[in-house]
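Visitor: Sharing a structure with you now.
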């Protein structure tokens, strides 16, 4: 009986086993996580070698899922969509006893418990590794909250844009005596330092370093404590400037309205003139037509009736056509005894 028990213990000791201890690994977002899984085989393990990696997500709302598998001398790595293309075996010869994997470009969704299972009948073994993905501090910004004046109270702050908790802060003075004010010492490891009754000695360049377990970031702050400004003068200047601006705007509006009224008035007057006054007649054409008709009449009249014609017909020229042209003198009556020519017409 004792020999049988000893034989069984010996077989168990020589069976398949994973030598890598369980552990927790912390890595930064975007980095690559190496998850070790090394195993040994015994002569009794004669079955086909199967290697399987599973993940138990941190939210505990999903069941264990296979992320990569080795079976029948083939690798299958498209089981888990969230890790597709980002999980790989580190060894090209898995039969050598190394089933470790790399998870690249880590994301916060990769946080969870990973389990390595190795099977080679009759041997079976498994180990778990806890993976934690942290975000490095980045985008740190240092600034002053308040007025940097002598005698005033304000705060200097150090804030990273992102970074996984817990975060640690460290302030340092880089200029002058490089000694931090005594009243600040209690807050040297805080993200905010409260400054009371500021003095010019506080002026200088300060640095803030923020870090966590996977990285750090730093920002600089130039503090310049100055005498109080003349607030009354600033307020008066602001009021005067505002009044001048309002006066200028009012003047511009007044000029624009005045110009519009003048343009409107000119258009209305021009429109009235065009409607009330008819276009003037052509004086030249009227005079020419009238003189031409007189010449024709003179050609058919005798000297005996010229006197009466010249008095009556010439006075019938419309006054509106000649009101601005000089009047021709009235021809005196004449008696002709001989034929004569006028404008190329022979009068008998």
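FYI, residue positions are counted from 1 along the chain as it appears here.
From the backbone N, Cα and C atoms, a Cβ is placed for every residue, glycine too.
Residues or ranges marked as domain 'Ig-like' in TrEMBL: 14-130, 137-224. Annotated transmembrane segment per TrEMBL: 232-256, in sequence order. Annotated compositional bias 'Basic and acidic residues' per TrEMBL: 265-278, in sequence order. The region 'Disordered' annotation in TrEMBL covers 265-337. What TrEMBL records for 282-318 is compositional bias 'Polar residues'.
Map these features onto the structure and tell me what's around them.
Guide: Across the domain 'Ig-like' (137-224), DSSP assigns 9 helix, 42 strand, 37 coil.
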Visitor: Using DSSP, what's the helix, strand and coil tally for the domain 'Ig-like' (14-130)?
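Guide: For the domain 'Ig-like' (14-130), the helix, strand and coil counts are 9 helix, 57 strand, 51 coil.
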